[in-house]
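Asker: Okay, handing you the structure first.
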Amino acid sequence: MDAVSEISSLFNDDPEPEQPGDESRPPREDESPRHEPQHRRPRHHPAERRSIVRSVIGVAGEVLITAGVLVFLFLGWQLWIQGIALNSTQTNEASGLSQQWSAATPAPTAVAPTGAAGSTPTPSAAGSGAAPVVMVAPADTKQFAVLYVPRFGADYKRTVAQGVDAKTVLNGGGAGHYDQSQMPGDMGNFAIAAHRDGWGSPFIKINELQIGDPIYVETQDGWYTYIYRDTEYVSPDGVDVLSAVPQAPTAAATDRLITLTSCNPLYIASERIIAYGVLQSFTPRSDGPPAAIAGLTGKGA
Amino acid sequence: MYSALWRVLPGPLWARILILLVGIAVLLFALSTWVFPLVDNLLTPSQPVTVDQ
């Protein structure tokens, strides 16, 4: 049996398909006996082979269809399900940190540095409010701050952990702190990174910030209020945005900045989008959270 | 593959459908809980959103 009739028989459920032309063309005397034995004698064999080939192709087709469905399920999971799960985890973790810090706060004595792991007040003041307290750098991957950006959503809050490793920090749906940059409130640059698309998309609206928008950073010591200043687009190797004075790596720090970095354009990530803010004020924990985020701090999902 | 699965399933039509639905639910749960996070981790580029050298 040739390949064509074997394949055509796959689409025919009749276990013994008739050869085309057998009826329309009467068999000639000389060719009929020659063909008959070839077809008839091993009749059992090709039929069996046909059904094996048919089921192998059938199973292969079903496997391929299943694989395609799995890929679509994965994409759907990555874009929606994972984001929902990560965002609710983030909200709960951020609330947990706030509650933990509030519970650990000693009586309303302004700033009480408590030795080794405690914080030390810096001598100079920043604008209005109390002198910003600068905490010592935490251990790698430790969550040490909560970020509130009302422009990103009325109930938006994300954790900030030390380091920008994708797998251990950023893929958790929060932000990561470039550990070579300064801590919140310090003279210089508090630089953080987060995903723009996927993994909860924490910075998906980074391009929607408007001049004057507040960016709040909460640590164990209190709340740092930064005011959004400007945005810059750089290439992925533009590390100078992390300098104490962005784009001037050798200059001495004169401002207390926050720098948010994420990828740009959305879903392509051939560039980086950089948003800068300037510290406006520091609110010690004993004074309670700034009014704008008072309803958010410590509240679960 | 799936026709064989259908033949293997016991009971009347409604029981087979019920078994299939439960099986699909368990499969989806296992995928989104264990398999997809693993694949996600494997696919992640090393530094997707950070400025780096």
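Cβ from N, Cα, C; glycine included.
Annotation comment: TrEMBL describes A:1-48, A:97-129 as region 'Disordered'. Residues or ranges marked as compositional bias 'Polar residues' in TrEMBL: A:1-11. Per TrEMBL, the feature compositional bias 'Basic and acidic residues' maps to A:22-36. Per TrEMBL, the feature compositional bias 'Basic residues' maps to A:37-47. Summarising the annotation, TrEMBL assigns transmembrane segment to A:56-80. According to TrEMBL, the compositional bias 'Low complexity' annotation covers A:102-129. Annotated active site, proton donor/acceptor per TrEMBL: A:H195, in sequence order. Marked as active site, acyl-thioester intermediate by TrEMBL: A:C263.
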Asker: Measuring Cα to Cα, how many Å separate A:C263 (active site, acyl-thioester intermediate) from the residue listed as 'active site, proton donor/acceptor'?
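Answerer: That separation, Cα to Cα, works out to 7 Å.
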Asker: Looking only at DSSP and grouping its letters into three states, which state does the residue listed as 'active site, proton donor/acceptor' belong to?
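Answerer: For the residue listed as 'active site, proton donor/acceptor' - judged by DSSP and reduced to three states - the answer is coil.
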Asker: Other than its own, how many Cβ atoms are within 10 Å of the Cβ belonging to the residue listed as 'active site, acyl-thioester intermediate'?
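Answerer: 25, counting other Cβ atoms within 10 Å of the residue listed as 'active site, acyl-thioester intermediate'.
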Asker: Near the Cβ of A:H195 (active site, proton donor/acceptor), how many other Cβ atoms are there if near means within 10 Å?
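Answerer: Result for A:H195 (active site, proton donor/acceptor): 26 other Cβ atoms within 10 Å.
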